[in-house]
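First up is the structure itself, then whatever we jot down about it.
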Amino acid sequence: QCTDGYEWDPVRQRCKDIDECEIVPDACKGGMKCVNHYGGYLCLPRTAQIIVNEQEEAAAESTSGRNNVIRRTPVDPHRAPPNPTHQIQCAAGYEQSDHNVCQDIDECATGTHNCRADQVCVNLRGSFSCQCPPGYQKRGDQCVDVDECTLPPYCHHRCVNTPGSYFCQCNAGFQLASNNHTCVDINECDANNPCAQQCYNILGSFICQCNPGFELSSDRINCEDTDECRTSSYICQYQCVNEPGKFSCVCPEGYQVVGGRTCQDINECETTNECREDEICWNYHGGFRCYPRNPCQEPYVLTSENRCVCPVSNTICRELPYSVVYKYMSIRSDRTVPSDIFQIQATTIYPNTINTFRIKSGNENGEFYLRQTSAVSAMLVLVKSLSGPREHIVDLEMITVNSLNYRTSSVLRLTIIVGPYAF
């Protein structure tokens, strides 16, 4: 863009002077002649002679110019210029040069302007202009700050006005982009990962999560171990052991952990049988015991496994039960009551006989009750809860009477082992 009096020369790629004397019809009045000048033209008496320096042409000095205009090449700057034959009068804002031409006065450079201290002097042809610096606008004779924050939105989030300028700020979790106007999300998880364990970036912020077995602390950043053992007393069947990030269940001696939480009895008779050859191993809940293979006591003799018979040929046996059968069973501690726990049944059935059942011994505290279920069987019922570890020996007697008043009896000696726990 060229200033007034010039136009763009597309060939030379620069601004060139416009010859107003050629294009402005009747440019000068009153018999004055038109003399073209850089950026404008002059109206002078027809007898005036003008000398113009040609800055780019190498032609020799000539006086054959139009309107008595002499054009010559630049003279040696070190040589004093010739005295002009005629002193010219310059318009306001111009002054006579050493070559007797009018040149613009740069009031901004010479300090002859009257701009205020808060204004910027801009030189013009023949004058000057007092303008406000960028970011200010003229209001009367003063320059006042332009509040860019009240104009159409320059900033994505927040605008902060400053004297002569402004800057943009972003909300927490965002940062300015390279254009200093747009706000982009900060990925805190990639930048410094403030979370103790797991970090998830979200728009303008982040959230922390913990690995299984941990929970967020009150600061929402660190993770604290979750004491699963305190959350529930039923998480383990026996005992819960808290560990960092997890827990484990343990079982008492004689049990093993099954399924991570349940305790199962170990059958020591199958794994570590420590009984002698003349003993049998009996496993119960939480342990095992060794019993003699021949439990018979005089005058009884062993006739089959765990069955002792008192021979009728022995007179002592007449007042004793004919047979004693040894049985063993195991129950858990604190079993719910009432509960059927053992059934006794006649192995031999005789015609015209009546069988009755009773607890002969071992029920001094009334923990059991024997309920006859048929003519040849009865059920032992636990009516009081038993706590272990403990061993109960209960004699269950079956009395048989026939029509001839023949009476005989058999005893089942039941050893009940109560385990130490309810599992």
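Even glycines carry a Cβ here, placed using N, Cα and C.
Listed in TrEMBL:
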type: DISULFID; residues: CYS149-CYS159; note: disulfide bond
type: DISULFID; residues: CYS189-CYS199; note: disulfide bond
type: DOMAIN; residues: 104-144; note: domain 'EGF-like'
type: DOMAIN; residues: 145-184; note: domain 'EGF-like'
type: DOMAIN; residues: 185-224; note: domain 'EGF-like'
type: DOMAIN; residues: 225-264; note: domain 'EGF-like'
type: REGION; residues: 58-84; note: region 'Disordered'
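Mean pLDDT across the domain 'EGF-like' (145-184) comes to 93 in this model. CYS189 (disulfide bond) sits 33 Å from CYS149 (disulfide bond), taking the C-alpha atoms as the reference points. Non-local neighbours of the domain 'EGF-like' (104-144) in the same chain are 3-5, 39-40, 91-95, 163-166; each lies 6+ residues outside the stretch with a CB under 8 Å from one of its CB atoms. All protein chains shown were included, and the count of other CB atoms within 10 Å of the CB of CYS159 (disulfide bond) stands at 18.
Taking a C-beta cut-off of under 8 angstroms and a sequence separation of 6 or more, CYS149 (disulfide bond) has the following same-chain neighbours: CYS155, CYS159, VAL160, ASN161, TYR166. Around the Cβ of CYS189 (disulfide bond), a 10 Å sphere holds 17 further Cβ atoms from the protein chains shown. Remark: secondary structure over the domain 'EGF-like' (185-224) totals 4 helix, 16 strand, 20 coil, with classes taken from DSSP. In the shown protein chains, 18 other C-beta atoms lie within 10 A of the C-beta of CYS199 (disulfide bond).
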